[in-house]
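Working notes, structure below.
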Amino acid sequence: MADTTVAKLAEEVGKSADRLVEQFSEAGIKKSKTDTVSEDEKQKLLEFLKKQHGGDSAPTKMTLQRKSISTLSVSGSGGQSKDIKVEVRKKRTFVKRDVAAEAEAEAKAKAEAEAKAAAEAEAKAKADAEAKAKAEAEAAAKAKAKAEAEAKAKKAAEGKPAAEETAEEKAAKVEEARLLAAKEAAAKAKADEEAKAAAEEARRLAEENEKRWAEEERLRKESENSADHHVTTSTEARAAEDSADRDAERRGRRARKPAGGKKEPIGKKRGGKEARGGRNNRNQRNAPESMDHGFNKPAAAVTRDVTIGETVTVAELAQKMAVKATEIIKQMMKMGSMVTINQVLDQETAQLVAEEMGHKVVLTRENELEHQVLADRDGNVKVEPRAPVVTIMGHVDHGKTSLLDYIRRAKVASGEAGGITQHIGAYHVETDNGMITFLDTPGHAAFTAMRARGAKATDIVVLVVAADDGVMPQTIEAIQHAKAGGVPLIVAVNKIDKPEADPDRVKSELSQHGVMSEDWGGNNMFVHVSAKSGEGIDELLEGILLEAEVLELKAVREGMAAGVVVESKLDKGRGPVATILVQEGTLKQGDIVLCGLEYGKVRAMKDENGKSITEAGPSIPVEILGLSGVPSAGDEATVVRDERKAREVALYRQGKFRDVKLARQQKSKLENMFANMTEGEVQELNIVLKADVQGSLEAISDSLNKLSTDEVKVNIIASGVGGLTETDATLAAASNAIMVGFNVRADAQARKTIESESVDLRYYSVIYHLIDEVKAAMGGMLAPEFKQEIIGLAEVRDVFKSPKIGAIAGCMVTEGTIKRSAPIRVLRDNVVIFEGELESLRRFKDDVNEVRNGMECGIGVKNYNDVKVGDQIEVFETVEIARTL
C-alpha cells in the first residue's frame, strides 16, 4: 500500500494537520505536514491514542432492550370484540467470554498459591523441627561439658578419694551419653513425622484442586459444545425458568387440578372451556390456549445437503441453507469478498461458502440432461479409414467452382446467380484412387462466417489462386482460416493457360503470408491447374489423396451418427431442409436427430444430386428433411435414442439462447442510453430481409450491419429463410421498412398487402447489387453538407456619402462577379470585420444585378457605414453538397 502524507491523513480522519503532528510527537514520532506516514507508524499512533484514552479496555458487558407492541382482539360484553395493545419488553445482557475465562484463571492461580503456601509451611515445619533437635543436642553437650568440668574440679580438691570413685563416674557418663542419644533420636523422629504429615496434607490438597479443575473444565466444554449455548444467558434462563414455575404454581393454586391429575394448559378452565370473563373471573384476561411455544432450538448444528447449480444468487443460497442472507454476506466478508444480496455467485464460490458454514454440497449442471443424451451412444470403437473432406477456398472469381465443376463433370458455376457461389456446396467425388468429399465455399467478402465453417469441418484446404491476379484479400483470409484450424494447405494455381499467367509471382506473394512452396523448402504443395483445359487436375487429386494418406483419417463407421450442418434452408414444399456432413457413424432414415436448437426424425434423405438414399456414412454430405425448424449453419447434428429427451434438450437450448439474447439487448440498451441522448436522433433504415438459405442470410445481415454509421443505422427488424409472406409485408408497412428478398419471392397474399400499403419491395440474386443499393439508400438519408464558394472580390478605391444610403464604396471588381442577391463579407487586412448583404449595386448611376471582373461599381452595404479605402468586399454563395457513404 502506498504511504500517505501527514496532511492527507489528517484530511481523511477529519483533524487539523497541526494537531496530528502534535499527536505524532507525543507518541515519540517526529513528523512534519509533508512527511509520509507508513502503516507501522499509523499503528504505533493508534496504540498510543488507545492507551491515552483508555481504548484498550473494551466494554465487557452489553445490555439490549427490545420493545414490541402487538394487538390482541378480545371479546367484550354483548358479543362485541375490541382490540387492546400488548407491549412486550425484553432485556438481554451479553458478557464477553473473556470475563469467564479470567475468573477461571483467577481461581486456578488462587489454588496454585494455596498449594505453594502449603508446601512452604511443610518446609518451614521441617526446618523448625531440625533446629529444635539441634538446639537440644547442643544444650546436652554443654551440660556434659559442665559436668566434666565440675568433676575435674572436685577431683583436684579431693585428690585420692576421687581416684576411688572413677568406676562409678565412668558408668554415669555412659548412661548420660545413652540418654542423650535416645533424646536426639526421638526429636529427629518427631520432626520427620511432622514433615511427612505436612507433605501428605499438601499432596491431598493438590489432588483435590486438580480434580475440581478437571470437573470445571469438563463442564465448560460440555456447555460450549451444546448448540446455541451462551455464557451470558444461562443465568437468565435459569431465573426465567424459576419465575415461570412460580407463576404456574400460583395459577395452579387458584384453578385446582382435575381428578385425573392431568395438568391443564394455562388459560383453560375445568372441562376444557375457555375463560369467558364471567362473575368469578371478571377481571381475568382471555389467555391463549397454551403459553408454550411450538418451536424448540435444535440441540446441535443442522447439516443440510445444499444443491448448487452453475450460478446462484446470495438470496437463493441463503434460502437453500435456511439461514439469513446477512450470514452469507458476513461469511464472504471474512473470506475477503464484498457481495450484495442479489449478486450472482459462480458454482465454486458458492461451494466454498456452503462448506465453510458446515453444509454438504451437491453440485448440479443445468444441462445435465443434454450431457446424458449426448453421452448415451453406442460403445462401438472400431474405426475404419474414411474419405478426406476437402474445402476449396480462395478469392472471388478465381475459379474455385469451375475447378470443382471440371472435377464433377457438371455445370455448377453457370447455375449460380452472377456466376459466383453464394452457398456452401457439398459434393463427393469417386476417383480411381478413392473417394473425396469437396466443400465449395463463397469467395465474396460477405461470406467470412461460411468460410470459417468450411475450414472447421474440413481435413484439407485447397487454396485456389488465379495466376493472372495473384494474392487478394479473401486469399489471405482463407490462409488465416486454415492456420487457425490447423489444416494442411494445398495451393492450386489456376488459370495457368492464360498468356498473362505468372505462377512465380503467386509463389512470391504467398511466401509473404507464411505459405512456402516445397520447391523453396516449405511444406505446402503447389499444383498448376487449369479449370478450362483440365491441365493439372489429376496431379491435384493425387496430391489431395497423398496428403490424406499422411493424415491417416479414420472414423467409426457403424453406430449412431454425428456430423455438422453445412447449410440449411426453408423449402416451401418440403419444410426445413438441412445439409449435413456426416463425420462419424451412419445416418439412417428414421433416426432421431438433435441439431442445435432444433430436433426431429429423419423423414427423407437425399444426396447432392437430389437422389433419395436411406443411409450415409462418414464424410458423406446429405440433405435431411423432418426437423422442427431451420438449424443454424455450423450447428452440430447428433443422433439420439429418445425423441422426448431430444425435444427437452432443444427447448432448453432455445430458452438459454433467448435469455442470452435478451440479456445482450438489455446491456446494449443500457450502454447506449446516454450516447443516444447526447447524439440526438439517428436516421434508421428499416429492412425486412428474407433469403433462400441460412448461410446467405447470415452473410447479408452481417454486411448490412457493417454499413451502419453514426448518422444512419441499418435496422434489420425481421429476417428469415424462405419466401416473403403476408406477415412480413404487414410488418414492413407498420415499421416503414424496405422488403428485401434474396433469391426468394413474395406469395400472392403478400403481393396484395405490398400493393395496398405501397411497401418498397426489392428482389436480388447477387449480393453485390443488394449491398450497393442499400448503401445508396443510406446515402440519400444522410444530412447534406453546405459549402461556401467565393464568387467575386471587389477592392474599395474611394468612399462617397449618400444622403439616402450612407457610405457608398467605389470599388473595382478584381475577381469573379459581384451579385446583388448574394451575401458579402467586408475584409480589412484580410480579417473579416463585417458579414451581411448588399443594399445597393450601381454602375454609372444605374442599378444593376451583377458587375463582372475588371469593371467599376458603387456598393452600398446594408447597416454598415465604416467602409474605408483599401477594404475588400467578398461576395459568396452557399452550395449544398449531397453526401455519400
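Glycine is no exception: its Cβ is also placed from the backbone N, Cα and C atoms.
Swiss-Prot assigns the feature region 'G4' to residues 494-497, out of the candidate ranges 58-61, 310-313, 494-497, 618-621. Between the listed ranges 419-423, 719-723, 814-818, Swiss-Prot ties the annotation region 'G2' to 419-423.
Listed ranges 40-43, 440-443; the one Swiss-Prot annotates as region 'G3' is 440-443. Ranges compared are 50-57, 394-401, 498-505, and Swiss-Prot records region 'G1' for 394-401. In the three-state DSSP classification, Asp397 (GTP binding site) falls within coil.
Within 10 Å of its Cβ, the residue among the binding-site residues Gly394, Asp397, Lys400, Ile496 with the fewest other Cβ atoms is Asp397. If you average pLDDT over the region 'G2' (419-423) in this model, you get 44.
Counted with DSSP, the region 'G4' (494-497) comes out as 0 helix, 1 strand, 3 coil.
Summarised by DSSP class, the composition of the compositional bias 'Basic and acidic residues' (185-231) is 41 helix, 0 strand, 6 coil.
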